[in-house]
Amino acid sequence: MTDLTSSRKPLSVVAKLCYGIGGAGIEITWTVLGAYTSTFLVQVAQMPPLFATSIIFGSRVVDVFCNFILGPLIDRTNTRWGKAKPWIMVSQLIIAVMNALIWYVPDVGTDGKLAWYILLYTVMKIAMSGFSISHRTYLMFLSDDNSDRDSAVLYRSLVMVGGTVGGMALHGQILASYRRSDFDACDNNATYGANNTNSSMDDASLAMTIGHGAVALYAQYSLDLEDQIENVILAVMTSSALAIPLIAFIVSKFGKKTTYICCQLVGIPLYIGFQFVPNGSLAVYAIVITFGISLGSHYFIPWLMLTDIIEGCYLQTKERLDTTFVALTLSINSLGITVGLMMATIGLEIAGYKLGSCVQPDTVGSAMRILLSAFTSVLTVVGVVFLWQYPITGERQKEIMEAIKKRKLGNALQHDASKRNGSLPDMTEKTLIPQETLRSTTKVLEDEHNILSSKTDLSVLLDCRESVI
């Protein structure tokens, strides 16, 4: 019998590129927003730093919860264009409009501006969540072949990280130019007004730095490399982007679970190494580049594993829960980022961070070293323990896909037989079985039906029996 997918053409490179590039604009938009929003709200919109920080952190909280709401809505969508495509198109249109309005400052007073930006950021995050869920879920509709899906995830990860690198490079160049042309708040010749302005700017810069992660805080307060923050972050993301194809090759040889665990374990010595880098040492680049290679696995492998989980659940429950699992994964990621931002903020507070001060206590640098080395290493070990329990190996994944193929084939054959007998209404969806298989299978069933039909002359069989005897 012809295999269920034997006549299916694999996804073309163009299709994979289109899928990956489709998400690049959102990644660049989010990178630019994360880099510039805090500065824009304080310096241009003239909002208090506390309000600006509240808007940024509040959008993260909204991101955690709206995924749970949008997931079921996307799953219930049923249009002539499918489930995911309408959400992808509408979300991108909303994001484009909101992104234009965010950079507009209305003349409505501080409270009015606060309400304006809270509304815009909330709508923006809802639209981004709708796009992320639908775009990642769309992967499951691109192909039934697992290798095609893995390849599409690879393309998307490369474009996503590449877009992030481009956004960070743009931000770094503009910010570096701004710093060179602007005054220094710690300059003894600066006026009081300049110091006061840069005090607010310092809080906005802190919010941006926290958003970029503990590595940026570590470079600024533990190593006294404030002028290297953008370059350090860019080195991490660039090495991550370059490492993704290598990680994909290792996955093809050793499997997803083994590769991911190894990448996690490789990161632990690097985290510990952050504790011992001397102040002002550029040797940190060697660590962050290697750290970026390990970090590349986080942008790629979990989404490969998610497709296996979705198919395994479908085999057990006979229900497609694609959007549910994607929404849950995105919510967990957002929750982890939010908790990380809170931990970094709490660490600075406990260490005695002084807002607007030119000189920070040594305890601030020590706190960032502990946060990035010991705390991160412990969390990594916990993650490896849970990852070790992941049940879907390469062999199990092949068994799942074969079982799903057989189920689809059986369902299609059963439907075909029932349809010919008039017991089921005509289907409104296209069958997944090639037409050649249906025609050959139908012919076999018709031959069997004719042999056992009541109209068959049984005397022919009796004559055959007598001739044999």
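Including glycine, each Cβ sits where the backbone N, Cα and C put it.
Note: TrEMBL annotation is automatic and uncurated.
Per TrEMBL, transmembrane segment is recorded for 17-38 (among others).
Residues or ranges marked as transmembrane segment by TrEMBL: 50-74 (among others).
Packing against the transmembrane segment (86-104) from elsewhere in the chain are residues 22, 25-26, 29, 33, 37, 40, 74, 77, 79, 117, 120-121, 123-124, 127-128, 130-131, 133-135, 138: each is 6 or more residues past its ends and has a CB under 8 Å from a CB in it. Per TrEMBL, transmembrane segment is recorded for 86-104 (among others).
The feature transmembrane segment is assigned by TrEMBL to 116-133 (among others).
Taken from TrEMBL, the feature transmembrane segment covers 153-174 (among others). If one looks beyond the transmembrane segment (153-174) by at least 6 residues along the same chain, the residues whose Cβ comes under 8 Å of a Cβ in the stretch are 16-17, 19-21, 23-25, 27-28, 31-32, 35-36, 139, 230-231, 233-234, 237-238, 240-241, 244-245, 248, 296, 299-300, 303-304, 307.
The transmembrane segment annotation in TrEMBL covers 232-251 (among others).
TrEMBL lists 258-277 (among others) with the feature transmembrane segment.
Positions annotated as transmembrane segment by TrEMBL: 283-304 (among others).
Sequence-distant contacts of the transmembrane segment (325-348), counting only residues of its own chain at least 6 positions beyond either end whose CB sits under 8 Å from a CB of the stretch, comprise 57, 60-61, 63-65, 67-68, 70-71, 74, 129, 132-133, 136-137, 206, 210-211, 213-214, 217, 302-303, 306, 309-310, 313, 364, 367-368, 370-371, 375. Sequence annotations record features per position, and here TrEMBL assigns transmembrane segment to 325-348 (among others).
Residues or ranges marked as transmembrane segment by TrEMBL: 368-388 (among others). Remote same-chain residues near the transmembrane segment (368-388) are listed as 214-215, 217-218, 221-222, 257, 260-261, 264-265, 267-268, 271-275, 343-344, 347, 351 (criterion: CB distance under 8 Å, separation of at least six residues from the stretch ends).
Taking pairs at least six residues apart, the transmembrane segment (17-38) and the transmembrane segment (258-277) share fewer than three Cβ pairs below 8 Å and do not count as touching. For the transmembrane segment (232-251), the partner stretch with the most Cβ pairs below 8 Å, chosen from 50-74, 258-277, 283-304, is 283-304. Only residues 6 or more beyond the boundaries of the transmembrane segment (258-277), in the same chain, are considered here, and those with a CB under 8 A from a CB of the stretch are 218, 222-223, 247, 250-251, 283-284, 287, 290-291, 294-298, 301-302, 305, 369-370, 372-374, 376-377, 380-381, 383-384, 387-388.
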